[in-house]
Amino acid sequence: MQVLGVVAVILAIYCVHATVYFREEFLDGDEWRSRWVNSKHKSDYGEWKLTAGNFYGDAEKDKGLQTSQDARFYATSARFEPFSNEGKSLVIQFSVKHEQKIDCGGGYVKVFPADLDQTAMHGESSYYIMFGPDICGYSTKKVHVIFNYKGKNHLIKKEIKCKDDELTHIYTLILNPDQTYEVKIDNEKVESGSLEEDWDFLPPKKIKDPEAKKPEDWDDRAKIDDADDTKPEEWDKPENIPDPDAKKPEDWDEDMDGEWEPPMIPNPEYKGEWKPKQIDNPNYKGSWVHPEIDNPEYSPDSTIYKFDSIGVLGLDLWQVKSGTIFDNFLITDDVKEAEDIANETWGVTKEPEKKMKQDQDDLKRKEEEEKTKEQATEADEDDEVDDEDEDLEEEEETKDDMEEILSLRSGHNTTWGHLYCSVGLQADVGELSFSFILVMILPFCP
Ligand SMILES: *[C@@H]1O[C@H](CO)[C@@H](O)[C@H](O)[C@H]1NC(C)=O
Ligand SMILES: *[C@@H]1O[C@H](CO)[C@@H](O)[C@H](O)[C@H]1NC(C)=O
């Protein structure tokens, strides 16, 4: 009995230790609509849909919020009891599934101060933290970790690659009161370090001493010309000489053609420009290193990690091809609890999800194989080869176009993003002519 009691007490202590500030797994049908608030900042935000998608591990548990319209901004958020992460770890975790083979779109969350006006949330609303994957074209495939410090957003200096397949992945950010952090994907560490080193929150600790100067007589030439070396007398030879084998053509007419001259050829004896031998410089002092001093602008801050009133989690995104599903949102102060929950949710459904996707892919491949077989027996062989070549070329072209559109487009989605197909033209045209161009080009959008 006594032993049981002790175990119970220990368990109780352990359990109260973890605080879950926010958890959302969309397990109660349409009820999520009462917890999530759509922004009304724009009139044409994309619609969110509750679904487990085309393939999943569990038809109910894997239901999450899915972006359902192409080339739209999305903005929704959920509120929780405000808290400060002072003196505690902060864990932000959620799962993302780009089942649509995403071309360009955000997959990240923003964590806001409690005073955010949710119905007015937009791309410029100030947030504490932005975290999660972002994909755009073939060049941007990264995990953002952005912290707001003294009113300014600071991006992580390290490049963290995100997942770009179609399966569900779970992303975790851990922020510790000792100002260290860790990023995990699928419950495995992919990056870690210290806030001070991996972001430019503070000015550098050391700077080059502005007083120090390289002494004028500092000799940093490792090698010098050998003064004893002289150019050999027979060195200088012309670069080109008349071809000794050339002969005046028999029908050469000096009156008509002028005096005959043999063509020039490179001189085999030509040695180029003479340079003296190099020897070690006896006065060499090595390269001069600028001495550093403590930066007077620098003062340490042990509260960079601290946010006073965390109160809203939001999805504020731009997506070209929709279909991303967000699920399993969690904000807690307990790293182990977050890992446990990830194991119990994503950890349990990831394998069956993969299996269902594989089965679907296999089926599709089989159907396509059968179709091509049928076509092959019908069509003339020569024609088919031609067609295939054309198809391949076309595919290459659309891929190039896409890349161009996507790379040009990014940078404009804050204001003009949904007009992404009119890239390049928008900067110098007025609003009126701009809309016209859009109508012209939209049909060619990928
Ligand atoms: C536009 O959206 C894409 C995808 O989320 C992102 O990579 C890019 O940085 C965004 N551009 C701007 C200016 O917000
Ligand atoms: C989560 O699952 C992994 C893989 O099965 C395991 O190694 C790890 O210990 C689990 N974590 C917790 C907190 O149970």
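Cβ atoms here come from the backbone N, Cα and C positions, even for glycine.
Feature list (source: TrEMBL):
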SIGNAL    1-18  signal peptide
DISULFID  C104-C136  disulfide bond
BINDING   Y108, K110, Y127, D134, D316  alpha-D-glucoside binding site
REGION    194-257  region 'Disordered'
COMPBIAS  206-250  compositional bias 'Basic and acidic residues'
REGION    343-403  region 'Disordered'
COMPBIAS  350-376  compositional bias 'Basic and acidic residues'
COMPBIAS  377-403  compositional bias 'Acidic residues'
Item to check | Neighbourhood of ligand 1 - recorded positions from C104, Y108, Y127, D134, C136, D316 with Cβ under 6 Å | outcome: C104, D134, C136
Checklist outcome for this item: Apart from the site residues Y108, K110, Y127, D134, D316, the 8 Å Cβ neighbourhood of the alpha-D-glucoside centroid comprises G106, V109, M130, F131, G132, H144, I146, G314, L315, L317
Checklist entry - Of C104, C136, the disulfide-bonded residues given in the record, which has the fewest other CB atoms within 10 A of its CB? => result C136
Next on the checklist: Tell me which of the binding-site residues D134, D316 sits in the most Cβ-dense spot, judged by other Cβ atoms within 10 Å.
Outcome noted: D316
Next on the checklist: As a quick check of your reading of DSSP, tell me how many residues in the compositional bias 'Basic and acidic residues' (350-376) are helical, how many are strand and how many are coil.
Outcome noted: 27 helix, 0 strand, 0 coil
Next on the checklist: For the compositional bias 'Basic and acidic residues' (206-250), how many residues does DSSP put in helix, in strand and in coil?
Outcome noted: 0 helix, 9 strand, 36 coil
Checklist entry - Can you tell me the three-state DSSP label for Y108 (alpha-D-glucoside binding site)? => result coil
Item to check | For D134 (alpha-D-glucoside binding site): DSSP state (helix, strand, coil) | outcome: strand
Checklist outcome for this item: Largest C-alpha distance in Å for the alpha-D-glucoside site residues Y108, K110, Y127, D134, D316, as a whole number, is 17
